[in-house]
């Protein structure tokens, strides 16, 4: 689930070509529920070139987050942010009846505006009157498109597979087979108007539909228009503009609007025929940005999808890629043909990126109440008022769910979930998430829910890896593994001499950092400061190289993104662990001594200092076997009995913001002449 923020600079609409006049007719449905002004489905008919065309359209809903906002600036530079309550989202997608190769992306706000294609031809349509009634103009797409093919400015589309998108994970990885992703986007434009918002939503919805094909859900968190002046210098040099936009996003935008990815849309020509530039494999991090330029509004959606693909680790398509159309989304050159599908290579790149880089912000699927649009039965998301949603009537194969009503079928208790089998909720005796290792705890079904409970771990401070470490939030952090992650499989922990350098106050040797000031370690804390390794690869997988004698380390320009320190929870002596770059005893760090001894029955203490029933036993006392409970089974993990009244925090990462790649070798950058990346601030000419 990807949350997106978009900025726009300038947009015009150059419809100057020959067109055919048509008069679309809305075909009213018989169902009472379809008589509202913006029905979930609608049909239109028209005669074009002597051929009768009937469009079957479905409304695009649920793509705005609850905190979606629109931002612009007054003449004196004051920022104004509105949160619209009643958005008239009249944007639809669909097909032409009896044309399997057709597609339609359309607005019905005031007449029909948008793009559609038949098996033979591509068209644009817009009303000839302001109220949208009556005659419409239909243009052949190639007649209004630029003759010169545009290209993507990304020249190095590979991302370093060994490079971590963030520090070593604290939380265990989970399956992504059914994950939907949300993208947050913001748009800024010099001329803020209803027509701008209309065109923005038009091409944004195109990108939304494209990503559904790869089980990725894109949602919008904001739209910003630079109405008074540019907030950065926007030049024709793509990489320079992207760098400045990225800096502005990290220093300004991200602090007032949460999002995963940002795009800048611009009307300024970029490097000749270049239409976009993006950072590769950077989603969720400080480099999760992109810029785009295109003088025609129609390809913008495809360009946004393309540049976003680079953020998600996708390369340009090559001759060996399998594509269902003549070209696919990740083609390097944009022609008059608008791609709508990902190639086999893009799908493979995406899966590889998810597995290698663990971009956790994509796992944060919004709850039903976080989507401000009304629920739509058939979109594959279980929303407020729905018991299930298995997709369209034609595509649903789930016997537990009625695709027409999004209600469970008669006799069914559930339709999906780890604790749902044959439409029934499984008992509390069933382990739905087995124990992964010695620092993990197994989870069992609750007997009341179709979903496996939250993943929890053993209490912090338990010895692990044959005494080499202590469990911390489900992991067993060790310097050896940190060195291998940083420098490759042949790396080893550096000698004590290297760690003794942490008594210095240098960028390459210190314990803590306060802004630009480096703080030395006390003698007892040197093993908890800068991480030093030996051997391994010549360059680190992330960060910038520092080497003296045989001691190798890394450094970052930003203290917030410095992952070159020894991890919190790493063992620094018998009964001692690193905590805030100090070597302290376990009790001071975790206050977890004899925690499980305070739990009743068959219960153990977890990393949150709460008692959890072991598999097969029921709360509240964890002494009743799950199999003997004839009533609805209760949770084996939902006791949540607080052991202590004090509060303390762990460095658990629930939404991972990856560090920026180093300015030199680690960072991969994509310049696209036809691409737009996930975070684009674009100046558009529609």
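Backbone N, Cα and C atoms are what each Cβ position is placed from, and that goes for glycine too.
Predicted automatically and left uncurated, TrEMBL annotations should be read as such.
Since this is a predicted model, take the numbers as computed values, not measurements.
Checking TrEMBL for transmembrane segment across the ranges 192-211, 212-231, 232-251, 252-271 points to 192-211. Rounded to the nearest whole angstrom, the C-alpha distance between residue 605 (disulfide bond) and residue 310 (Zn(2+) binding site) is 43.
The Cβ of residue 622 (disulfide bond) has 21 other Cβ atoms within 10 Å, all protein chains considered. Under DSSP, the residues of the domain 'EGF-like' (591-623) split into helix, strand and coil as follows: 3 helix, 10 strand, 20 coil.
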